Amino acid sequence: MINGLKNYSQDALRAARYIGQGFFVTLDHMNRTPITIQYPYEKLIPSERFRGRIHFEFDKCIACEVCVRVCPINLPVVDWEFQKSMKKKQLKSYSIDFGVCIFCGNCVEFCPTNCLSMTEEYELSSYDRHELNYDQVALGRLPNPASKDPLVHPILGLGYLQKKLLTQSTESKTITNFDKS
């Protein structure tokens, strides 16, 4: 009888401890700032090396087609004609279909004239897939930087990230560049 009562009290204390631990975890999660954002109204600032939409500078392109050769899916469409008078290629048109692009960045990395660059634009969705086929004019437009976008609100107080990450990270502008008000 005494052993049974002793075991019962030990089990009750162990159960209370487990319930207390679970309750402590719940309270800890309730005190944290949520990591999610309200996307259309708040936007994350992409990191410095983010691979977004490709920007193309028509005047720098020499129509060498290196971008087509290094692309895993041979995506960029380069149309050129040979100018006999100048004895070099003349670029006529350049286009990329972002509905097919895998944003690997090989074209940007291997371009000898640096006429291709990655932007921080990530809002490419559309209802018509043909709108994702960008020609040289659409590729030449620079998007507004996300850091200057009035809709971007930095995420404040990501308290459960380690302090080292907040101070050492140069990759994530969202975490390090916030107002301390």
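Placement of Cβ uses the backbone N, Cα and C atoms for every residue, glycine included.
Residues annotated as domain '4Fe-4S ferredoxin-type 1' in Swiss-Prot, with sequence analysis given as evidence: 52-81. Long-range contacts of the domain '4Fe-4S ferredoxin-type 1' (52-81) within the same chain: residues 46, 88-98, 100-104, 106-122, 124, 134, 136, 139-140, 142-143, each at least 6 residues beyond the stretch ends and with a Cβ under 8 Å from a Cβ of the stretch.
Contacts of C64 ([4Fe-4S] cluster 1 binding site) defined by a Cβ separation under 8 A and a same-chain sequence distance of 6+ are given as K89, P112, T113, in order along the sequence. Look at Swiss-Prot and you will find C61, C64, C67, C111 tagged as [4Fe-4S] cluster 1 binding site, backed by sequence analysis.
For C71 ([4Fe-4S] cluster 2 binding site), the count of additional Cβ atoms within 10 Å of its Cβ stands at 18 [all protein chains shown]. In the three-state DSSP reading, C71 ([4Fe-4S] cluster 2 binding site) counts as coil. Annotation source Swiss-Prot lists [4Fe-4S] cluster 2 binding site at C71, C101, C104, C107.
Residues 45-46, 50-62, 64, 66-67, 70-73, 75-81, 129, 132-136, 139, 142-143, 145-146 of the same chain lie 6+ residues outside the domain '4Fe-4S ferredoxin-type 2' (92-121) yet bring a C-beta within less than 8 angstroms of a C-beta in it. Residues annotated as domain '4Fe-4S ferredoxin-type 2' in Swiss-Prot, with sequence analysis given as evidence: 92-121.
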Checklist entry - Of all the binding-site residues given, namely C71, C101, C104, which is spatially nearest to C111 ([4Fe-4S] cluster 1 binding site) at the Cα level? => result C71
Item to check | For the domain '4Fe-4S ferredoxin-type 2' (92-121), mean pLDDT (0 to 100) | outcome: 95
Checklist entry - Which three-state DSSP class does C107 ([4Fe-4S] cluster 2 binding site) fall into? => result helix
